[in-house]
Amino acid sequence: MAPDSLDSVRPVRSARSVPDARPRPGLLNGLSHAALAVWALLIVAPLLWTFLASFKSNTEIFGDALQLPGELRLDAWGRAWGKAHVGRYLLNTAVVVAFSTFGTMLFGSMAAYVLARYRFPGSRVIYYYFTAGMAFPVFLALGPLFFVVKRVGLLYTHTGVVLVYIAYSLPFTIFFLAAFFRTLPESVAEAARIDGASHTRTFFQIMLPMARPGLVSITIFNVLGQWNQYLLPLVLLARDERDWVITQGIANISTLAGYEADWPGLFAAVCMAILPVLVVYVIFQRQIQSGLGAGALK
Amino acid sequence: MERWRTYGFVAGFLAVPIVLYTVFVISPYVQAFQISLTDWNGIAARPGYVGLDNFRRLLGDEVFWRALRNHGILLLVLPIATIVIALFFAFLLNLGGGARGPGMAGVRGSAFYRVVFFFPQVLAVAVVGVLFKAVYRPDESGVINGALVRLGADPVGWLIEPDLALWSIIAVMVWQAVGFYVVLFSAGMAAIPKDYFEAAALDGAGRARLFFSITLPLLRDTVQVGWVYLGIAAFDGFALIQVLAGDKGEPDGATTVLPIEIWKNAFSYSKVGYASAMGVALFFLTVTFAVLTLRTTRRERIDL
């Protein structure tokens, strides 16, 4: 993939030697567009191919890859939804992510708020205690984490996964939101306090609404991260297939497709995993891009 | 009185996050360091203390070195390829149209390209892996090989040739990452004042000149952030390699990385002690990389 685009860099670079103010725009524009179009094609082609393959028969899939399906077969979608439990996996994921993102945002913003805006002994230490979590690779914790979750009796449960997701999302969420809460003006909180609002009330009714842009960004960041999580459910939900989340399910269907020779079913399942994400992405793409970008630049 | 009420509020807000974080994040990390000094198999009530034996074994373990070599390749290729491609596209999308109207503009259709390029980033890595399993299939039923066969070439064993497999996997990582860095660099480019470009364009600078003399130097910080992120990603790769190359990093361990080995040792072989030692090694590698990168970059403020 890389060589394509590198090749197209070269003509642009040679334009440096052209003394004129405007290098021939026709040729350059053409090459720019070609490079962009090639990359767009590289992204769309595998997705489109998968979508088409879900309507093909096994023979067609193993035949010429560039051929359209002979007829519109919908049975693979039915099999993926029913027999392969993609519907159940999607539902499990939605439930887990709803609770874990809500919990992450609630506890993350609470901790970030007091760490950013209250002075008390140990506040710096606690702040660094939380943010230090960002420096550790999750693989270091993997073995012991399994036994910790087992010991508290939450292994192979969605509750366990939700709590673990929240715990591992806290460092970045607190880091990001604390920086955000620090930028909010003191005067509003002061006024609320003079009016007799309690600390808790000031937080939920005044500070949280003011922090909305930051909350939206980091919520999107957490929803995507937790929806796409693969490693943790693989470890924590290994036992019962009915509890699996979508990433686990798809990976497993992919392995099984080899034995059961149901390739259209696999591709229909992949499409079902992609479509909800695609719809959400098309609607919220602006917020998603700025949310993830803000996360990285902080 | 007021003071104690404040402390009570602070404690109330911090209690749940601290407990969750301590139990599920900090305690496993601390235990990992302890367990790495034992021969624990996950079952024995009293793990045997073996000192640094696990680490000694690690140094003699061929698989460990192969994983390290693969991390090295990833660490070199993934950031460079991703950043070069992303910078090129970000430049075209933001400034490639030259001075049009009131300021600099991207080439036509920029908004559309940005939406398309970014999309892989929101897909789960596991799903992307399954997708590319079909793309890379070794016979003509694979998407790439289907095209190759049509052009009269022989099909290529993208994932089954030991010398090629890792590169095929890196290509998928770049495929998925580029869009994100296009957006990241675009944000950086948008922050560059327009007059810089206008002045340079008036002086007769072409697009390449604009890129190398203005955009790139002013984008240094953003590129460095991207470098650190991609470097840290180079120490992961678990989901993609596990799906594309299997638990063992097929073919024949050619694509294995430390996360795969940690997972396999802990849960397939029940060598929790040995897996933890690998985890400790991975931790020090990641930290060394982050510190080195941030040291060599002269940023005033370091946020990590």
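For all residues, glycine too, the Cβ spot is worked out from N, Cα and C.
Annotated features in TrEMBL:
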TRANSMEM  B:7-30  transmembrane segment
DOMAIN    B:68-293  domain 'ABC transmembrane type-1'
TRANSMEM  B:73-99  transmembrane segment
TRANSMEM  B:111-132  transmembrane segment
TRANSMEM  B:164-184  transmembrane segment
TRANSMEM  B:227-245  transmembrane segment
TRANSMEM  B:272-294  transmembrane segment
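Comparing B:7-30, B:73-99, B:164-184 for CB pairs under 8 angstroms to the transmembrane segment (B:111-132), the maximum falls on B:164-184.
Only residues 6 or more beyond the boundaries of the transmembrane segment (B:7-30), in the same chain, are considered here, and none has a CB under 8 A from a CB of the stretch. When Cβ-Cβ distances below 8 Å are used as the criterion, the transmembrane segment (B:164-184) is approached by residues 70, 73-74, 77-78, 81-83, 85-87, 89-90, 93, 114, 116-121, 123, 125, 128-129, 132, 136, 156-158, 222, 225-226, 230, 233, 237, 240-241, 244-245, 250-251, 254-255 of the same chain, each at least six residues removed from its ends. Same-chain residues lying 6+ beyond the ends of the transmembrane segment (B:227-245) with a Cβ under 8 Å from its Cβ atoms: 71, 74-75, 78-79, 82-83, 124-126, 128-130, 132-133, 136, 159, 165, 168-169, 172-173, 177, 181, 251, 255-260, 263, 282, 285-286, 289-290, 293-294.
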